[in-house]
Amino acid sequence: MKNKRSQNSPYVTPDNPYLTLEKALGYSFKDKRLLEQALTHKSCKLALNNERLEFLGDAVLGLVIGELLYHKFYQYDEGKLSKLRASIVSAHGFTKLAKAIALQDYLRVSSSEEISKGREKPSILSSAFEALMAGVYLEAGLAKVRKIIQNLLNRAYKRLDLEHLFMDYKTALQELTQAQFCVIPTYQLLQEKGPDHHKEFEMALYIQDKMYATAKGKSKKEAEQQCAYQALQKLKEAK
């Protein structure tokens, strides 16, 4: 006897190659062409790609994530909220959410991008995620996007707070520089001062022998994290 629930499921169709993706997302697209467009990188040279959807998705996600953080962290001031949002609304942040649904497995990229592992690049993967969320917004509205993002944040982050996200900046930067420049950042101690119980460390961060940031902290690790945050912002602005 067939399971009635699976029979009536919006995901179950004989010709749906995106079944697993839609299940992971928690949303079944009514128009599969819209879904395909969201997954199509411009390198494919097709009439429709995901650039316009990416533009819309960027605005939608900025609003949804900003709203979620506003309600969740009522004790944070504007500066802390901005820092939190910058961590999530970024190539690294969206790549993390995209990988939570294995989005990279469904991207449509050119053969040259395939050879260079383009589907794993944060720039391509994060853009596709923005486009995907724009597609959901166009079909189902803001409330559905909000629900999906809340679920993905819970899935992708063990703890969603400033301290936890801040400690991830070094990893985020290393992933980005490996993808863009095929190198990892290096850190150098510039100065150490103060008594043992109240030390202050100043670190510098270099990418391809170019200094990208300097920062101070109560430990080398803290200063390195602050350097990584600054470098991420610079690379984001340079795109």
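The backbone N, Cα and C atoms fix where each Cβ goes, glycine too.
Asp58 (active site) carries a helical DSSP state (H, G or I). Residues near Asp58 (active site) in space but far in sequence (CB under 8 A, at least 6 apart, same chain), listed by position: Glu130. Residues annotated as active site in Swiss-Prot, with sequence analysis given as evidence: Asp58 (among others).
Marked as active site by Swiss-Prot on the basis of sequence analysis: Glu130 (among others). Counted within 10 Å of its Cβ, the other Cβ atoms near Glu130 (active site) come to 25, all protein chains included. A helical conformation is recorded for Glu130 (active site) in the three-state DSSP classification.
Contacts of Ser127 (Mg(2+) binding site) defined by a Cβ separation under 8 A and a same-chain sequence distance of 6+ are given as His41, Asn50, Glu51, Glu54, in order along the sequence. Summarising the annotation, Swiss-Prot assigns Mg(2+) binding site to Glu54, Ser127, Glu130.
Residues or ranges marked as domain 'RNase III' in Swiss-Prot (evidence: sequence analysis): 18-141.
Look at Swiss-Prot and you will find 168-237 tagged as domain 'DRBM', backed by sequence analysis. For the domain 'DRBM' (168-237), the model's pLDDT averages out at 88.
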